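To start, the structure itself, in structure tokens.
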């Protein structure tokens with residue numbers, strides 16, 4: 001019988017790379033007339049990883065990384081209010097890209113990801129903040145709606161399609177995609193549907209959280225080159241999500257009550273107090289600002305998912321004065337946009353102060369926040385924009401509060 005540790009000529013097998021024989025190494029892997037030992041496999045892997053790091057570093061080596069105050073000031077140009085949220089995002093994004101810029105560092109301490117969770121009502125500026133950040137940093141950016149996502153194999157959009165869309169955004173440049181920003185909206189809508197995680201298969205709730213968890217914490221995602229569902233015959237792009245920054249946002253309706261219950265119970269322990277009186281004292285208090293991970297878990301997010309979103313920022317509901325500022329102040333303010341639109345017709349458009357107040361009040365009443373401002377203006381200007389191109393010698397159009405409150409027609413001033 002031939003010793004299985006020797007070849008036919010009774011000689012020891014040797015690694016084709018380092019020359020060590022099979023007795024000097026733990027394992028020898030055979031190929032087409034060549035062999036490689038376990039030590040050389042590890043060495044080759046280290047070389048590949050080092051080259052990968054060098055490539056990633058070269059992307060950001062010469063990149064100018066704006067300081068948190070510069071990011072904050074840029075956000076201020078487009079987003080009104082939400083000072084705390086802007087500051088939190090500025091620092092988080094700065095730290096994230098500072099980490100990428102210093103990938104070449106030999107520091108043994110591994111820096112974690114600064115993924116962010118934005119909590120706030122509809123129209124408070126969550127999506128706008130994320131969009132403005134990506135535009136300023138000039139990195140690939142997409143918005144995904146969590147309500148359309150399902151587990152792989154079920155009807156709906158696979159979670160990994162989010163990465164497919166990011167690749168599309170940067171013309172399938174994998175290196176760019178691996179340093180982009182993904183904003184997942186309506187994240188509160190994928191909360192667990194039951195307190196009992198095993199009661200039923202929750203493919204659009206806990207199942208999606210589990211699938212997103214892998215992407216957010218960092219994994220190699222296999223994305224079909226032609227998009228669509230995966231099948232064995234497809235070719236794939238392999239995207240490392242480790243350095244993709246994830247920002248999740250949601251209104252989290254009902255979370256306020258969960259926090260309120262925790263805070264009031266905690267404050268009442270050991271004291272003979274009337275909970276109802278306590279509630280009356282605190283009824284104007286914004287409990288959302290006191291949110292803790294335990295509250296999000298009780299709301300329906302799984303603990304592992306909450307743990308991957310270490311930075312939580314709460315956005316408050318916009319008031320009337322802030323809504324008026326949104327109408328007139330930012331670089332791309334709505335009033336400025338409509339004035340430009342009318343200027344293209346050779347007509348000056350004017351909103352008086354009372355009109356702006358009425359628009360802001362209506363948006364506040366409808367609870368649509370800044371998002372509802374455009375639809376209100378579009379509605380009151382619809383007939384005017386329809387008839388204006390057919391009118392001659394129009395010099396100016398004035399919008400007053402009567403147009404909003406009493407459905408009056410705008411004032412036309414002719415040459």
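Using N, Cα and C of the backbone, Cβ positions are placed for all residues, glycine too.
Per Swiss-Prot, these features apply:
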BINDING   15, 18, 37, 40  Zn(2+) binding site
BINDING   121, 122, 123, 124, 125, 126, 127, 128  ATP binding site
DOMAIN    3-56  domain 'ClpX-type ZB'
Surrounding CB atoms that lie within 10 Å of the CB of residue 40 (Zn(2+) binding site), all protein chains: 18
Residues satisfying Cβ distance under 8 Å from residue 121 (ATP binding site), sequence separation of at least 6: 251, 315, 317, 367, 369
Alpha-carbon spacing, residue 128 (ATP binding site) to residue 15 (Zn(2+) binding site), which is rounded to whole Å: 58
The one of 123, 125 whose CB sees the fewest other CB atoms within 10 Å, among these binding-site residues: 123
Sparsest-packed among the binding-site residues, when each Cβ's other Cβ atoms within 10 Å are tallied, from 15, 18, 37, 128: 18
Confidence summary for the domain 'ClpX-type ZB' (3-56), mean pLDDT rounded: 77
Nearest recorded site to residue 40 (Zn(2+) binding site) by CA-CA distance, among binding-site residues 123, 124, 125: 125
Shell list (Zn(2+); ref centroid = CB of 15, 18, 37, 40; cutoff 8 A): 16, 17, 19, 20, 25, 28, 35, 36, 38, 39, 41
Neighbourhood of residue 126 (ATP binding site), C-beta criterion under 8 angstroms, separation at least six: 118, 120, 185, 249, 315
Neighbouring C-beta atoms (10 Å sphere around the C-beta of residue 127 (ATP binding site)): 16
Neighbour-count leader, CB within 10 A, binding-site residues: 122, 124: 124
Check: same-chain CB within 8 A of ATP site center, minus 121, 122, 123, 124, 125, 126, 127, 128: 120, 249, 315, 369, 370, 371
When distances run from the Cα of residue 37 (Zn(2+) binding site) to each of the binding-site residues 123, 124, 125, 127, the nearest one: 127
